[in-house]
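Peer 1: Below you'll find the structure I mean.
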Amino acid sequence: MNRRSFLTTMMTGAATVGAAAIVRPAIGWAQVSGASSIKLAVASRTIEVNGRAARVFGLLQPNGVHGLAMDAGKQFDVDLVNELDEPTMIHWHGLTPPWESDGVPDNPVPLIAPKAAKRYSFPVGRGGTHWMHAHTLQEQNLLAAPLIVRSETAASRDEQEVVILLHDCIHPAKAAGLMISARLP
């Protein structure tokens with residue numbers, strides 16, 4: 001790919017994102033306000049990659065929205081349900097949870113077993129655009145999502161949020177071939 005085709009692709013993508021916001025309203029993220037907990041599922045989903053279906057992971061609310069939005073200074077109160085057939089954990093980038101709620105692999109907290117749930121409850125902290133993801137090599141299979149914390153000032157602005165979370169994705173069929181090739185002498 002040369003510079004000109006890269007810039008053309010980027011401009012086309014930016015125009016598409018802008019047009020999408022005009023054509024249809026943004027899907028509203030549920031606000032985690034501390035009044036009650038919100039369910040967030042670690043689940044499988046199917047997306048299209050270069051015209052082919054790919055089974056990947058996602059962090060989904062009950063309404064199908066990918067990611068979370070919450071108010072700064074409130075309580076983070078989330079029931080994380082692992083709907084996968086393998087254990088997982090989630091790290092909350094940008095937040096400062098107690099160590100037993102931070103999903104990092106060096107932490108002595110056990111993974112969330114398949115079909116099990118874990119309740120997370122801690123103060124949200126200050127506003128910012130963050131993300132949440134697995135530290136279990138599942139992030140490479142797209143187990144990551146936006147984690148937006150709105151400050152009082154940001155929430156009062158008359159602006160539409162557009163969050164773009166870029167992932168590097170290898171189609172699962174090709175990844176399996178790469179793994180087999182890597183084992184050959």
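Backbone N, Cα and C define each Cβ position, glycine as well.
Note that TrEMBL annotation is computational and uncurated.
Annotation comment: TrEMBL describes 68-152 as domain 'Plastocyanin-like'. According to TrEMBL, the feature signal peptide maps to 1-19.
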Peer 1: Where DSSP helix means H, G or I and strand means E or B, what are the helix, strand and coil counts for the domain 'Plastocyanin-like' (68-152)?
Peer 2: 7 helix, 36 strand, 42 coil
Peer 1: Would you mind giving the whole-number mean pLDDT across the domain 'Plastocyanin-like' (68-152)?
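Peer 2: Taking every residue of the domain 'Plastocyanin-like' (68-152) together, the mean pLDDT is 91.
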